[in-house]
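This report refers to the structure that appears directly beneath it.
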C-alpha cells in the first residue's frame, strides 16, 4: 500500500498503540488531543507515560491540539475517543473537514442516552460527501501488548467490503493482522457489550470465585450478547469470531482490562466512585451497562447477567445476592444463543 496520512483522534492507550502500528507500516500519523501537556510530551519526549511508562514512540509520530491542522489533506481518520464524546468530536470534524476521507473508529461502547452504536453516530454527524462507509476496528487487543509489538489479530468491519479491505491493508503487518467483516452491527455490539461481562468476570475474581464460575460467565455472557445483537440485526456467527468470543475472552480474563479491574475492585468491596477516581481511564463497561440494560428492556431481550450488573452498579444491590439470584433463575435449555 502507498503511504497514507492518517489522523488518530484520541491519544489514549489504544489510540497511541494504533498510531505506532500505522507508523510501523510507513504511514504519516497525526495524533490529535485536547491536553496541551500530553501533546507536548509526545512531540518533545516521544512518550505517553500516563499509559505506557517504558515505551518510546517513533519521532515521526506527531501530535496536535489544532484539529484543522490535524485533518489537512489526510486520507483517513481514526476515532479513538471515549463513547460519551464521540458525537461532539464528530461534529467538530464535520465542521473542519474539507474533503472526502475514510472514516474509522476503534472505540467500544454505546452512546449513553440514545443507546446508539458509534458508527450510527458518525453517520449522523459527518455528511456523506465527506466520508466513506464507516469502518469499525475491533477485536481482542490489549494496548499494552500491541504497543510492544506482541501478536494481535482483530477485525475491520464495514458495510462496504472494499472499504474494509482498505483498512485491512492499512494496518496489517508481521505482528498486527486484520480480517474483514461486513456485519457492522455484530462487530460493534460485541465490542461494546463484552465490557459489561468483563466487569462481572472481574467481580467474580474479587469475590474469590474459581475458574468454573469465570468460564460460566464468559459462556453465558456470550449467549446474552448474541441475543441482543441478533435482535438488533446482527449475524449470530459474528459472535464466534475475533470481535465476539475472542474479545470477550481477552477482556474478561486479563488484568490488562480496565473493565475487569473495575469489576475486581467492586468484588473486593470498593465503591464505584473510588474505582473511577483511581483508574485514571474511562471504564466503558459502566456506562454501557445502563445503555444495554435499557435497550434489552425496550426490545424484550433476556440478559440476566447485564441486569444483575446494572442492579449492582446503579441500585446498590449486594453483589453476592445478584449472583445467587441468577443461580436461582428458572431452569432453561441451552442452545445456540439460549
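Cβ from N, Cα, C; glycine included.
From a predicted model like this one, the values you see are computed outputs, not experimental measurements.
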133, 150, 247: which one does Swiss-Prot list with 108, 139, 141, 194, 257, 258, 259 for the sn-glycerol 3-phosphate site?
247
Which of 76, 143, 223 shares the NADPH site with 13, 14, 108, 258, 282, 284 per Swiss-Prot?
143
Rounded to a whole number, how many Å is the Cα of residue 13 (NADPH binding site) away from the Cα of residue 141 (sn-glycerol 3-phosphate binding site)?
11
Cα-Cα distance maximum in Å, computed over every pair in 13, 14, 108, 143, 258, 282, 284 that the record assigns to NADPH:
15
For the recorded positions 108, 194, 258, which one has its C-beta crowded by the most other C-beta atoms within 10 angstroms?
194
Measuring Cα to Cα, how many angstrom lie between residue 14 (NADPH binding site) and residue 141 (sn-glycerol 3-phosphate binding site)?
9
Compare the C-alpha of residue 247 (sn-glycerol 3-phosphate binding site) with the C-alpha of each of the recorded positions 108, 194, 258, 282, 284, and give the closest one.
194
Just to verify a number: CA distance, residue 282 (NADPH binding site) to residue 257 (sn-glycerol 3-phosphate binding site), in angstrom, no decimals.
11
